[in-house]
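S.K.: According to TrEMBL, the feature domain 'GOST seven transmembrane' maps to 3-128. What TrEMBL records for 1-15 is signal peptide. Per TrEMBL, the feature transmembrane segment maps to 40-58, 70-87, 107-126, 146-167, 173-189.
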Amino acid sequence: MGVLLVMNLVVLISAAVDLYYVKFTGTPHGSDVLYHMCKFVRTVLLFTLIVLIGNGYCFWKPFLEVKEKLVLMIVILLQVWANVYAIFEWKAGPYNNEEDVVDSLSIDFICCFIIFVPIWFSVIWFNKDNHETDGNDVMNRVRLCLFGFAVFAYVFFTRFLMVAFLIPSNHGVQEISLLVLCMVVFYIFRPSDEDCDGKAVEMAAWKSDIPSLCYAVVATV
């Protein structure tokens, strides 16, 4: 998450430099290349982080299983493919092929659906009988469900609503949405020295409702 925030800062700085040069000189002087490279790294890192958190890596599981590694590799490859498509579209300018734009959006949509797979299986894993009484497991389940809601809201807003309203080029809205997502994820998984069992008692009212809400969200996706 720290590296992702640093990459967000670099992307914003490179975008500002790019707009500055274009406004006062008419040419980006190579700053657009830096912007697209940093955005590429940032996007791949973001989806990798979502898959790792969805799998519970370093939170409640010390390793990734073979299926989880496969999902992670597929997500990374699809994001690399989609971002390379986007760079080619940017280089082609207004005369680019519309089929390439459709292919880029389709790949990105498929990747957005895949990232919910580890979250879905983690929710199922937490619903087993041996994870009903442990306070730490209750906390992890709550955090996982809140994380799933945050990712769903981000994907739905940036991948569906913005495309539906024909504003996919509004980079300011996308950057603000990503910054909000990072802040929410930081808050959900913030370090705490408080007793997990005490927190579990406070969240007991959530326990019966959150799994059904997660199932409904994933089913909607």
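Numbers here mean position along the shown chain, with the first residue as 1.
Keep in mind that glycine also has a Cβ here, set from the backbone N, Cα and C atoms.
Note that the structure is a prediction, hence the values are computed from the model and not measured.
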S.K.: Same chain only, please: residues at least 6 beyond the ends of the transmembrane segment (107-126) with a C-beta under 8 Å from a C-beta of the stretch. Say none if there are none.
M.R.: 47, 50-51, 54-56, 68, 71, 74-75, 78-79, 81-82, 85, 137, 140-141, 144-145, 147-148, 151-152, 155, 159, 211, 214-215, 218, 221
S.K.: Helix, strand, coil residue numbers for the domain 'GOST seven transmembrane' (3-128) per DSSP?
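M.R.: For the domain 'GOST seven transmembrane' (3-128), the helix, strand and coil counts are 106 helix, 2 strand, 18 coil.
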